[in-house]
Amino acid sequence: MSEETSIPGIIASTPPISKDSRRNVSHWLQALAVFLHSVSLTLTASWYTVLWAFLPFWPFLIVYLIWLIYDDGFVTGKDRQKRWLRNAPPYRWFCHYFPIRLHKTTELDSEKNYIFGYHPHGIISLGAFGGFASEGADFSKLFPGINVSVLTLNSNFYVPVYRDYLMALNINSVSKKSCVSILSRKPGDSVLIVIGGAQESLLSRPGQNNLVLKKRFGFVKLAFLTGSSLVPCFAFGESDIFEQVDNNPRTRIYKFQEIVKKIAGFTVPFFYGRGLLNKTFGLMPWRKPINIVVGEPIDVPKKSHPTNQEIYEVHEEYIRRLEGLWNKYKDVFLPNRISELKLSA
């Protein structure tokens, strides 16, 4: 854990990585870790499919398939994380690739439950994965006693093997049932929600930070329902690691993306970055730093039926705190930005 005495307001951070780490074998290990994460869904699904070609595996595959159909652990918020996996070296390599660093502005009471709000979404929220779904950025050292579950779409849990991999990293469904279950288990159990969602990913551009937040009230209602505190988190640099094909609302690409989002619940950003073996073009993210500043919690009383006014007031306070993080640290972490923070509905 590194003390950030030179940055006002930050009391501790993920240790910075050595510059030499990008000039030796670790440079390639970092790239390999990011590549394997990028293709993890395809690899796990393919591995499962290939096994069906071998008759001796059929009894095991059939049993697994039945279990896959009936198991609802990802919806009910069951804790199936494997600490050894979250602490595995590849996730540290993953975080060092960019690098991804967490910055703490206050201590969090491990006797409380928290809803971490992650902004911006970026293309695929790689900072959220590295910083919160693994120990690659030392989350547990910075926030001892806080057990955070990163939340994602239900559709990710319908892929054989991949869904078990996600749950082993403490990644669960973003459904209401899952959220309430996790936040009601025991003190310290918390969730991370990428609040802008699919719509915000379509706005991701290097140098820009466009958030879809003004009409997102679900996470505030969840805070009231469970009595959880809200913690705004701003990931400076999340939008800079991929470029996106022009998709302004007048283009056919945007219209196609909107249709997919309405049908499937997620969208398909057409993005590009660098290659695994080249720095010019590919689907690998660029090596640009992602600095995640974790703000101060907003305590929310437990209420089954809060008034609209109470919801609006907490929502406004959350936005105020988030904008405060942006204004305080934008010149520290994004000195070369091309635009200021923009919030939309």
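Residue numbering: from 1, along the chain as shown.
Positions of Cβ are set from backbone N, Cα and C atoms, glycine also.
Going by Swiss-Prot, these are the annotated features:
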type	residues	note
TOPO_DOM	1-49	topological domain 'Cytoplasmic'
TOPO_DOM	71-113	topological domain 'Lumenal'
TOPO_DOM	135-141	topological domain 'Cytoplasmic'
TOPO_DOM	163-216	topological domain 'Lumenal'
TOPO_DOM	238-345	topological domain 'Cytoplasmic'
TRANSMEM	50-70	transmembrane segment
TRANSMEM	114-134	transmembrane segment
TRANSMEM	142-162	transmembrane segment
TRANSMEM	217-237	transmembrane segment
Positions whose Cβ lies under 8 angstroms from the topological domain 'Lumenal' (71-113), at least six residues beyond its ends: 4, 7, 9-14, 16-17, 21, 26, 29-34, 36-37, 126-127, 129-131, 133-139, 142-147, 149, 154, 157, 163-164, 166-170, 172-173, 175, 177-185, 187-190, 226-229, 231, 237, 241, 285, 287-297, 325, 329
Stretch with greatest number of CB pairs under 8 Å, the transmembrane segment (50-70) reference, 114-134, 142-162, 217-237 candidates: 142-162
Remote residues contacting the topological domain 'Cytoplasmic' (135-141) - C-beta distance under 8 A, at least 6 residues beyond either end: 1, 14-15, 86-87, 91-96, 100-102, 148, 292
